[in-house]
Amino acid sequence: MIVNEQPDLLKRELEETRTRKLSLILGIIFVAINLRMPITSISPLLELIRFDLPMSNTLAGFLTTLPLIAFAIISPFVSKLSRKLGVEQLVFYTLLFLVFGSFIRPLGNNLAFLLAGTLLIGIGIAIGNVILPSIIKKEFPFKLGLLTGVYSISMNLFAAIASGLSFPLASNIGLGWRGTLYIFAGFAVLALIIWLPQLNKKQKPFSSANLKGSAPAHRSVWKSKLAWQIAIVMGIQSAVFYINVAWLPVIVQDRGFTASDGGFMLSFMQFGIIPITFIIPIIAGKTKDQRLLMNLASLFICLGIVGLMLPVANLLYLAIISVLLGIGGGMAFSLSMMFFSLRTNTPEEAAETSGMAQSVGYVLAAFGPLLFGFLHDMLGNFEVALLVLLLAGIGLFLAGQGAAKNQKLFHS
């Protein structure tokens, strides 16, 4: 009788484990969906918001920069929070920040609500950005590439959908900017509901004392040359992405085309990013050394920037350049996410490296578009600004030689 019960017990345990893993994957997908959507959904609505609320151009730009500043400030502290609270509980708080921020943001006719909601959203996204790669390393150590690809494509696909649908929902369908933002806030609520089963898991917070091969507690990632190389890669690719988001449509208009044409070029860039963010993590996860992939990412970015430097006023040409920028940026982003896991021994190290790299990265991301705009305003053209961006692309190549090499932050 006991012999017959053992296979049934083992089968039930395997089924329960499979169900828990599938539930976790679904949770990761819906958390990832909310890590860019709140930012990309508001950008197309800025003119409507400015018409409705008394807001200067500077303050309107600050709405998109504020989350990036929050990312830079909050990211280094996420690893410590995960050790105290546990990763499942911390993700729950992430989603609470996103839900409250998303519903506060459109309230009333007061800029304070808009700014407070945006800040809460920035804090939530900062925590999620850091902790999700470490969860993937912890729970799916043999599926890093696949799960990172799923996480990345979920984030980028819904970011693109939000940026494309925001204005039509607000203007053509008549929801207004508030109604549109409430629609997208629903995704944060849905993610919170889907994540609730994870709170029932009785798991200890990350603790280096309990993890085999973990680095000693006194070893700081801030003192690691490799961690700084990863941080520079993260920073440059972030800056290039946000500079393109802010200025690519303007460059297209500067060539004599319409604002609509500029928006289409941004869409072409997104089309280049989306498939790449799924494919590259899978390839990277199957190779020990990712320098070839990093070199290709740098090459595509540099080719795209050089293409923008050439005074060609042709939409097909600009569309190709936009796709090149998307492919290169998508590769660099995906590799950055993978380095947090591939170059570390434990989930705790992954969280610490992710926090450091994203803190440095989003400082560059926040100030990159401002510097680009300053150079344009000061000189009256884009040539010098694009040259500086090209130098950043070369810097990505140089930093990538160390970050993509088969090595670990600390020897176990």
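The backbone N, Cα and C atoms fix where each Cβ goes, glycine too.
Whatever TrEMBL says is automated annotation, not expert-curated.
Annotated domain 'Major facilitator superfamily (MFS) profile' per TrEMBL: 20-407, in sequence order. The transmembrane segment annotation in TrEMBL covers 21-39, 59-78, 90-107, 113-132, 144-167, 179-196, 226-252, 264-285, 292-310, 316-340, 360-379, 385-404.
Listed by sequence, the residues of this chain that lie at least six past the ends of the transmembrane segment (316-340) yet keep a Cβ under 8 A from its Cβ atoms are 133-134, 137, 144-145, 148-149, 151-152, 156, 230, 233-234, 236-237, 240-241, 244, 248, 252, 255, 257, 264-266, 268-277, 280-281, 284-285, 290, 293-294, 296-305, 307-308, 350, 353-354, 357, 361, 396, 400, 403-404.
At the 8 Å Cβ cutoff, the transmembrane segment (21-39) and the transmembrane segment (144-167) share at least 3 close pairs (sequence separation 6 or more) and count as touching. Same-chain neighbours of the transmembrane segment (179-196): 26-27, 30-31, 33-34, 37-38, 41-42, 45, 88, 91-92, 95-96, 98-99, 102-103, 105-106, 158, 162, 166, 169-170, counting only residues six or more beyond its ends whose CB sits under 8 Å from a CB of the stretch. Most Cβ pairs under 8 Å to the transmembrane segment (264-285), among the stretches 144-167, 226-252, 292-310, belong to 144-167. Per-residue pLDDT, averaged along the domain 'Major facilitator superfamily (MFS) profile' (20-407), amounts to 88 for this model.
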